[in-house]
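One structure below.
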Amino acid sequence: MTLADRVPLALAALAYLALVSGVRFHLSEQNDVLPGGSQARRPFFQGARIVGGSVASEGQFPHQVALLRGNALTCGGSLIESRWVLTAAHCVYNGALVVPASSIVVVAGSVSLSNGVRRAVARVIPHERYGNFKNDVALLQLQLSLPSSAYIRPIALRTTSVPAGSEVVISGWGRMYQGGPVSNMLRYNRATVVADQQCRMATGISTGLICFTSPVNNGACNGDSGGPAILNNQLVGVANFIINYCGSASPDGYARVSDFVTWIQTTMRRY
C-alpha cells in the first residue's frame, strides 16, 4: 500500500505513520492530537458504534459507561470502582488541552443512552506519558459514587497477559458501519487476540498495546474509544485506535490493561 492509497491525514503525521502497515485513527468523535503534536480533522464521520455484532441486553455489560460532552456521545469507558471510570486518554483532550471535568457527563446502567444514571466528573487524569498513540489511558473520578445494582457494577482488571487466539468481547455505542446510521443502543461483538509480534508489526508500538482482529466489517469504530474489551469478566483492553477504516482486515489497537494496573491503582490511591 502506498501513501497515495491511504486515507489522507495531516502531513506532519505521515512520516511516522508510514512506518506501520496502515494509517491509524483514534476512535473518539473529537479531534485528536496526532503524532508530533499536529492536529487534523479525521476523514471519518462523527458518531460511531461497534461494527457488526448485536444489540446488548439490559444488565449484560454492567461495567459499560458512556462519556457525553455537550449531551453528545464522545467515548465509552468502564466502571472499575464506584467512583472511578477507566477510558482512553485521547477521549479527554481537546487539541493539546485536557478538557474540564465539568464538560464530561458519565452515563451508566442502561444500554440506551436516553436512560441510565448520570454522574458529573470531579477529576480528569490522563496518563502523564500519553502521546503518539502510546499510554492511551485516563481515569475519571466521579463527583458521586454510582449505586451498585444488576445494571451497574465495577469490573475487575486483568493483571496478566492474554494468550493469542483468545476471544474477547468488545462493546460500544454509535454507527454500526462506516457512514451508517447512529443508534441509541449499546452493541457488542467478538474479536480475537493477535500475537504480540503481529501487533507490533501492524502498529509500530511495542509495549502497552493489545491488538484484536475480527472478520471484515466487524470490530471497533469511531466513537467506541475508551470502551472495554473483556475476557472472563475481566477488563483486558481499552479501545484506542483503528487502522485504515472501520471494519477493515487490519487489527484494532487497545491499551493492554495488565500493563497499566500499577498506574491505575497508584493514581486512585492519590485521591
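Along the chain as shown, residues are numbered 1 onward.
In case you wondered, yes, glycine gets a Cβ from its N, Cα and C as well.
The signal peptide feature in Swiss-Prot is assigned to 1-22; the stated evidence is sequence analysis.
Residues annotated as domain 'Peptidase S1' in Swiss-Prot: 50-269.
The disulfide bond annotation in Swiss-Prot covers Cys75-Cys91 (among others) and is backed by sequence analysis. Cβ-based neighbour count (10 Å, all protein chains) for Cys75 (disulfide bond) stands at 32. In the three-state DSSP reading, Cys75 (disulfide bond) counts as strand.
For His90 (active site, charge relay system), the count of additional Cβ atoms within 10 Å of its Cβ stands at 25 [all protein chains shown]. Residues or ranges marked as active site, charge relay system by Swiss-Prot on the basis of similarity to another entry: His90 (among others).
Cβ neighbour count for Asp136 (active site, charge relay system) (all protein chains, 10 Å cutoff from its Cβ): 31. Annotation comment: Swiss-Prot describes Asp136 (among others) as active site, charge relay system.
Annotated disulfide bond per Swiss-Prot: Cys199-Cys211 (among others), in sequence order, evidence recorded as sequence analysis. Sequence-distant neighbours of Cys211 (disulfide bond) (same chain, 6+ residues apart, CB-CB distance under 8 A): Val193, Val194, Gln198, Cys199, Ala202, Thr203, Pro251, Asp252, Gly253, Tyr254. According to its DSSP assignment, Cys211 (disulfide bond) is in a strand.
Under the heading disulfide bond, Swiss-Prot lists Cys221-Cys246 (among others), citing sequence analysis as support. DSSP assigns Cys246 (disulfide bond) to coil, not to a helix or a strand.
Neighbours of Ser225 (active site, charge relay system), defined as other CB atoms within 10 A of its CB across all chains, total 32. Under the heading active site, charge relay system, Swiss-Prot lists Ser225 (among others).
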Inset, instruction - Report the nearest neighbour of Cys75 (disulfide bond) in space among the recorded positions Asp136, Cys221, Ser225, Cys246, comparing Cα positions. - result: Ser225
Inset, instruction - Work through the recorded positions one by one (Cys221, Ser225, Cys246) and name whichever has its CA nearest to the CA of Cys91 (disulfide bond). - result: Ser225
Legend entry - Rounded inter-Cα distance in Å - Cys246 (disulfide bond), Asp136 (active site, charge relay system): 19
